[in-house]
């Protein structure tokens with residue numbers, strides 16, 4: 001059955017009147033403006049009666065499609081600039097920096113609706129977390145292509161990516177860096193110092209302040225070690241390196257050092273006197289040292305007994321000399337004779353009834369062969385031989401008077417009846433008696449073991465090979 005064109009136009013008008021009005025719906029962030037429309041996607045069966053009413057020639061069958069921050073590329077069956085006619089298919093895309101949410105392609109349906117919805121959402125990366133001991137600055141917040149540059153606090157070094165860029169997939173490029181404390185602490189030692197040793201000492205007590213230490217990162221110093229003596233220690237002569245090392249929390253370390261120099265003021269080395277020797281305190285030539293002059297057996301000192309090393313590095317006084325001991329036998333008493341030997345010489349008094357006594361001859365012969373050992377031990381021999389009035393007393397070649405001989409015998413209880421001998425120390429005390437001849441070695445052993453002072457013992461060690 002054929003219908004007239006008028007009838008068709010009336011049916012189309014009725015269809016338009018019966019279709020509900022489409023009110024554009026706008027959602028925040030949808031990408032559509034409030035005065036624009038979009039259609040939800042659904043499947044629609046078009047009745048046969050209505051299908052005959054569809055007209056592809058109507059230019060504006062659906063609402064004009066417009067997507068904010070994006071673009072709709074449409075293809076109409078009519079071609080040309082028809083972008084919303086029935087059957088028009090539009091490809092949806094977003095500007096750079098935006099992501100399409102929804103359908104990529106929609107079509108204008110007979111229901112005058114578009115077959116789906118879509119909008120453009122701005123691409124944003126998540127907010128970057130702050131890093132310990134550091135920060136970052138971004139060129140455009142968290143938006144696409146924004147570059148965030150990291151930096152560390154003073155004293156820290158950045159390890160990892162220095163910059164991160166917000167990419168199109170909404171993720172940041174690279175990885176999260178860290179700030180690492182790699183800078184060592186700052187340490188400053190006290191200045192080097194020099195000090196003179198005190199009088200009669202070879203050391204000096206030196207004090208100093210602790211080093212100045214500061215950490216360039218978090219300010220925390222965990223440990224400071226010292227290599228060398230502590231402040232206030234006694235330092236010997238010479239240069240001494242004092243080293244401090246500081247450690248921070250990250251086990252970085254820094255060291256500094258300074259020098260402690262101790263000087264000893266010294267005088268020129270003294271020479272011992274001829275036929276004598278020196279005993280000195282301390283090192284023997286340092287400031288405050290005292291050197292005493294001593295003479296060998298059979299010699300006596302002429303001049304000052306000691307000299308002192310002064311701060312001017314010169315010795316006080318003048319050196320004495322050792323001269324052969326002069327024994328005055330022309331004295332009025334035995335006491336006057338013995339006083340000349342007090343603290344200077346030991347005495348070995350040999351008494352015999354007559355010069356022909358075999359013990360006497362044997363003893364004198366052995367002693368004459370041991371003059372060196374006797375002199376080293378400061379021993380003077382006095383001989384008392386014979387009977388009055390022919391009795392003889394002598395010290396070396398000097399003769400003693402009969403009165404002195406008699407007093408000596410009485411003081412030391414020496415008989416004329418038989419051979420006897422007495423050993424007297426430097427203080428005038430009877431230390432040993434002999435009734436028979438003894439070898440010089442026996443006498444020397446007794447003196448070395450019991451009568452020598454510490455000074456003389458040291459001297460004996462120095463001279464142990466002298467008489468050999």
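Placement of Cβ uses the backbone N, Cα and C atoms for every residue, glycine included.
Values in this document were obtained by computation on a predicted structure and should not be read as measured data.
According to Swiss-Prot, the feature signal peptide maps to 1-25.
The domain 'Sushi 1' feature in Swiss-Prot is assigned to 72-122. Summarised as a single figure, the pLDDT of the domain 'Sushi 1' (72-122) averages 90.
Taken from Swiss-Prot, the feature disulfide bond covers 74-108 (among others). The 10 Å shell around the Cβ of residue 108 (disulfide bond) contains 28 further Cβ atoms across the protein chains shown. In this structure, residue 108 (disulfide bond) is part of a beta strand by DSSP.
Annotation comment: Swiss-Prot describes 94-120 (among others) as disulfide bond. Following the DSSP three-state reduction, the secondary structure of residue 120 (disulfide bond) is strand.
The domain 'Sushi 2' annotation in Swiss-Prot covers 123-181 and is backed by sequence analysis.
Residues annotated as disulfide bond in Swiss-Prot: 125-166 (among others). Using a 10 Å Cβ-Cβ cutoff, residue 125 (disulfide bond) registers 21 neighbours.
Per Swiss-Prot, the feature disulfide bond maps to 152-179 (among others); the stated evidence is sequence analysis. In sequence order, 131, 132, 133, 134, 152, 153, 156, 157, 158, 159 constitute the residues six or more apart from residue 179 (disulfide bond) in its chain with CB-CB distances below 8 Å. Following the DSSP three-state reduction, the secondary structure of residue 179 (disulfide bond) is strand.
If you look up Swiss-Prot, you'll see 180-264 marked as domain 'HYR'.
The feature domain 'Sushi 3' is assigned by Swiss-Prot to 265-324. Residue counts of the domain 'Sushi 3' (265-324) by helix, strand and coil are 0 helix, 26 strand, 34 coil (DSSP-based).
Around residue 267 (disulfide bond), a 10 Å sphere centred on its CB holds 21 further CB atoms from the protein chains shown. The disulfide bond feature in Swiss-Prot is assigned to 267-309 (among others); the stated evidence is sequence analysis.
Its own atom aside, the Cβ of residue 322 (disulfide bond) has 21 Cβ atoms within 10 angstroms in the protein chains shown. Residues or ranges marked as disulfide bond in Swiss-Prot: 295-322 (among others).
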By a 10 A CB contact count over all chains shown, which of the disulfide-bonded residues listed here is most packed: 74, 152, 166?
166
What is the total of other Cβ atoms whose distance to the Cβ of residue 120 (disulfide bond) is within 10 Å?
24
Coarse DSSP state, helix versus strand versus coil, of residue 125 (disulfide bond)
coil
Here are some disulfide-bonded residues: 94, 295, 309. Which one has the most Cβ atoms within 10 Å of its Cβ?
309
Going by Cα-Cα distance, pick out whichever of the disulfide-bonded residues 74, 309, 322 is nearest to residue 120 (disulfide bond).
74
